[in-house]
Structures are given as C-alpha cells and as structure tokens.
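For reference, Swiss-Prot has these:
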type: BINDING; residues: Gly25, Leu26, Ser27, Gly28, Ala29, Gly30, Lys31, Ser32; note: ATP binding site
type: BINDING; residues: Asp78, Ser79, Arg80, Thr81; note: GTP binding site
Amino acid sequence: MSRNDLSSAPSSSAAPPARILLVTGLSGAGKSTALRTFEDMGWETVDNLPLSLLERLILTPPSSVAAYKGRPLALGIDSRTRGFTVDAFLKGVEQLRQHHSQPIDILFLDCSDSELMRRFDTTRRRHPLALDRPMEDGISEERAFLAPVREIADFLIDTTTTSSHSLQSELRQQFAPENSVAPNVSILSFGFSRGIPRNCDLLFDMRFLQNPYWEEALRPLTGLDPEIADYIEQDPSFLPAVTKIKDLLLFLLPRYIDTGKSYIVIAFACTGGRHRSVYVAEWIAARLRQAHFSLTITHRDLKLPLLESQSNRIRAGKAYQGG
C-alpha cells in the first residue's frame, strides 16, 4: 500500500475515529465475538475489509448521524481477508501510524490447537485453510503464517479457556469507553389492559399502589404531573417498593455487562398505563441516570384514550382499579 495509491482517498473535516483497533488472530479464536462486543460498546465495526481500502475507510466521513461521529473504529482482518499478506499488513499498519495521530493498535486473538479443533468440530465448520486436508494442518499453517503479526500485537488475548461471555467481559474491561458503565437501558411504562409488550426483560407490576384514577380531579392527569406524584408518594408502600426495585436494578445491570448483554428493557405496568406505571418509570429512570446509566424512556399508553371496557366498568360503579 503506497502513498500514491491513496491519493484518491476522500478527505473530510468530519471527526475522525477516536481510536482505531485492528482485530486479528487465528480462525476460531473469537474474532466475530470480539467485533460484536465492540459494536455493542458503541464502536464502529467493519469486518474483512481488503487491506487496500484501509486508508480510504479511515478518511471516509462517518455517518451524518451525530452519534456516529468520532466513534472508535474496530476493523476485523485475518488470513481470509482479500489481499492479505503479512508483509502488506505490517507495512499498512506502519503507514497508518505515520499518517494518523489517533491511536492505531492491534488486538491478536490466540487459542490452542486442540481447542480450535474442538470448536470447529462442534460447529461442524471447516477451517478456512484446511478445506481439502486435515484440520490440524490448516491450523498449523495459519499459526505459522500469522506469527509475525502476533509478535507485534499491542494486545494479546488467549481464548483457549475463555467462554464467549468471558471474552466479552474482558474486552469491555479493556476497551469500553470511560463513560460506558452499563448496557443501553430502555424503560417502558404500559397498561395491562392493552396487552403486555413482547420484548420485556424485566417487568414490575405496580397495581398494588393506591390508584389516582379514582380521584375525579386527578383522573385527567398523568404520571408526569406533580399532583399524581404527590398522590402516589403518599402510599406507604411506594418508597420501600421503588427503593428495592432501584437497588435490584443497580445490582443486576452491571452483571448484564459481564454476560455480554448490551440492551435491556425494563417495564413498569399498571392497569391503564397512565398514572402509576408512568410515575414509577420516571422515578426509577432518574435514579439510574444519577448512576450514569445510558437510557431511554417510553410511555406506551400515556396518550391513548380510555378503553371501552374500562368505561363500562366505571359506569357500572364497580371497584375497578383503572389508570
């Protein structure tokens, strides 16, 4: 890859990647798992990019979406990459480091021959260098072929005794952005009367709290209004319950990191989805934000009209816990 070859590469004043990591290693050692983990951590990831396009990719402006600008970049490269030779790879890395100020590092994933054979046998896949010969021959050839890359790697991880979840945890500890302490959290409020969402990871039923729906002056309001907050907080069960829920979530969410979970939906429900579930969702969201969790909050049923079945029960004068 010569300097002249790159003369047509696009230039841009857009924010370059904050960091560039070249992810390589032995086939079956965990490159795909590593790239998925980097993507979950907010990195931009590209797999099996031809070496001749490395410089062009780095100079290409990122997506116009603000969240993509200046993100770290993880590039998956191995012996199957088009145009890959060790000499070309080493020369390309040297040139990138000369022409770019941001950190450019190499992560090499290693694994024992016996474990690689077990993994390929388990998945019933062929080793890419052993299509017409014994698997151990292909593994040995690739190991020798990539030895010079392994020698200069900035980070070396041996995955022989490492599970997929353990590898994800190790990568997060090593490479997660400084402000990344948790998976993305989505908090949802809804009403049981309109059905339970299918994507909830954790669901808390808040129908045990006193119901502002039965106060005629409060009925038109929602859990976003201070009058509703005051009413719900008067319930002696409120503070002990939400405090225990908060403590449980602060305990669980970091452990989702360790298992590689990058997205979790926490749902709070009442009957109509307008009062109790809304306020509790907001209360919990505020405490999680204080703990520096990245989250979004959605109130599914907040602006929906009262269901006909609810109206009938109210007109019949039954002790129905709506809202």
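The backbone N, Cα and C atoms fix where each Cβ goes, and this holds for glycine too.
The ATP site is defined by Gly25, Leu26, Ser27, Gly28, Ala29, Gly30, Lys31, Ser32, and by the 8 Å test on Cβ atoms against their centroid, the other residues of the chain that qualify are Asp78, Leu109, Cys111, Thr159.
Around the Cβ of Gly28 (ATP binding site), the same chain contributes Cys111, Leu116, Arg119, Phe120, His127, each under 8 angstroms and 6 or more positions distant in sequence. Asp78 (GTP binding site) is 11 Å away from Ser32 (ATP binding site) when you measure Cα to Cα.
When the binding-site residues Gly25, Gly30 are compared by the number of other C-beta atoms lying within 10 angstroms of their own C-beta, Gly30 comes out lowest. On a Cα basis, Lys31 (ATP binding site) lies 12 Å away from Ser79 (GTP binding site).
Residue with the densest Cβ environment among the binding-site residues Ser27, Ser32, Thr81: Ser27, by other Cβ atoms within 10 Å. Here Asp78 (GTP binding site) is positioned 6 angstrom away from Gly25 (ATP binding site), judged by their C-alpha atoms. Sequence-distant contacts of Arg80 (GTP binding site), defined by Cβ-Cβ distance under 8 angstroms and a gap of at least six in the same chain, are Ser27, Asn48, Pro128. A helical conformation is recorded for Ser32 (ATP binding site) in the three-state DSSP classification.
Of all the binding-site residues given, namely Leu26, Ala29, Gly30, Lys31, those whose Cα is no farther than the 10 Å limit from the Cα of Asp78 (GTP binding site) are Leu26, Lys31.
Taking only the Cα positions, the spacing between Thr81 (GTP binding site) and Ala29 (ATP binding site) is 16 angstrom.
Following the DSSP three-state reduction, the secondary structure of Gly25 (ATP binding site) is strand.
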